[in-house]
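The feature region 'Phosphopantothenoylcysteine decarboxylase' is assigned by TrEMBL to 1-188. Annotated domain 'Flavoprotein' per TrEMBL: 7-173, in sequence order. Feature annotation from TrEMBL assigns domain 'DNA/pantothenate metabolism flavoprotein C-terminal' to 186-389. The region 'Phosphopantothenate--cysteine ligase' annotation in TrEMBL covers 189-394. Annotation comment: TrEMBL describes D277, K287, F320, K334, K338 as CTP binding site.
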Amino acid sequence: MQGHGREVILGVGGGIAAYKSCDLLRRLQDIGFLVTVVPTPSSLNFVGAATWEALSGRAVTTEVFESVEEVRHVSLAKKADFIIIAPATADLIARMAAGRADDLLTNVILAANVPVLIVPAMHPNMWSDQATTANVRVLRERGYHVLDPDVGALTSGDVGQGRFPETAKILQAFSDLAQAKSDYLGRRVLVSAGGTREPIDPIRFIGNQSSGKQGYAVALQALRRGADVVLVSANASLPDIEGVQTIHVKTASEMHDALHREFSQCDVLVMAAAVADARPEQMQDSKIKKASLATINLTENVDILKSLHDVKVKQVVVAFAAETSHDATAAQSKMLAKGADILYLNDVSGGDIFNSETTFGEIFTSAGASYKVAKTTKDTLAQELLDHALHQLG
Ligand code: CTP
């Protein structure tokens, strides 16, 4: 990985591991990144501003009230390509999760819209405390990359998970982030997620088991790789992803309309949503009494992928097929029938795919290739699908 003059903000929290960040700063400079250090005020107890200024060759301030005429938090946020927070203390993590802006670093983090790598280091009890666990979960959900601390001996003499990782490990994580950031730059990715609901009456609907997790994972990974991401989300009870334009829909017809509005501007469509194949012929305005519920007349919904194929110009289209058997021939036929370029087939007969964090199946491409996907996270599958889509985009 080479920095080629890209700007990194190195945020330093008030933990003893702050001194180890001096080495991290040096290694980042070695590989060509330009680094501005923004310590928290308390971290200066461990490593002083003079050290950071000498090592970085740049001015170091900790408060928004210093160099006010530069509006430093905004100017730093604007020029940053990446932020690394190392070490991140429990308090700094809590302040970030709460969206606080009570020193220069937290102001910069809020004002910037770039990938953020967080390297926690703290006593194991603080790391495993429920508050920290919840805060880390919030940060991850918002798209921050939070490394897990190493396990080992700590300054207090205790042993456990909380150690600041070796510089090499941090650089590897940062390299993944930095490289991943760029390959979708300038691309627009449209994703559908969740499951549509077709109303029967004001109370009931025809729905399906889709949680939306796979589509959200694709949206998040595409965002991290630099794409502009539009997510059409049907009834997923997941938090919006900061930086992703999310359009909430309920029915197949609303999803159809939203996707048709967005499709012409996108480079890649990932159709992860489970779309109901049919809807009640008529939605009743009032609750249907059980005596009248013996039959519901259905009418077929439009096949959204097929309808988009008619207006497809250059877009790469990724389809999903959740089946109760692993039939490769049927999957390939479905891909071609829908005009998709890539299809992910997953066998849900075991019942542990929906709402799960993991998935397994097989990826097919219209060029006739196929790739088995052993049990993995939905994020990893998202990365693989984005790799294939990018390859086809050329
Ligand atoms: N899909 C769609 N519009 C529909 C139904 C499905 O665009 N009305 C998309 C899904 O989002 C998915 C792909 O088509 O990406 C395959 O969905 P699937 O339900 O497996 O396909 P169906 O055509 O409904 O086939 P089946 O008869 O197996 O249900």
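Positions of Cβ are set from backbone N, Cα and C atoms, glycine also.
Neighbour density for D277 (CTP binding site): within 10 A of its CB lie 14 other CB atoms from the protein chains shown. For the domain 'Flavoprotein' (7-173), the predicted model reports an average pLDDT of 94. Mapped onto three states, the DSSP output places K334 (CTP binding site) in helix. Ranking the binding-site residues K287, K334, K338 by other CB atoms within 10 A of the CB puts K287 at the bottom.
Checking the binding-site residues D277, K287, F320 against ligand 1, the ones with a C-beta less than 6 Å from an atom of that molecule are D277, F320. All protein chains considered, the CB of F320 (CTP binding site) has 24 other CB atoms within 10 Å. Whole-number maximum of the Cα to Cα distances across the CTP-binding residues D277, K287, F320, K334, K338: 37 angstrom. In this structure, K287 (CTP binding site) belongs to neither helix nor strand by DSSP; it is coil.
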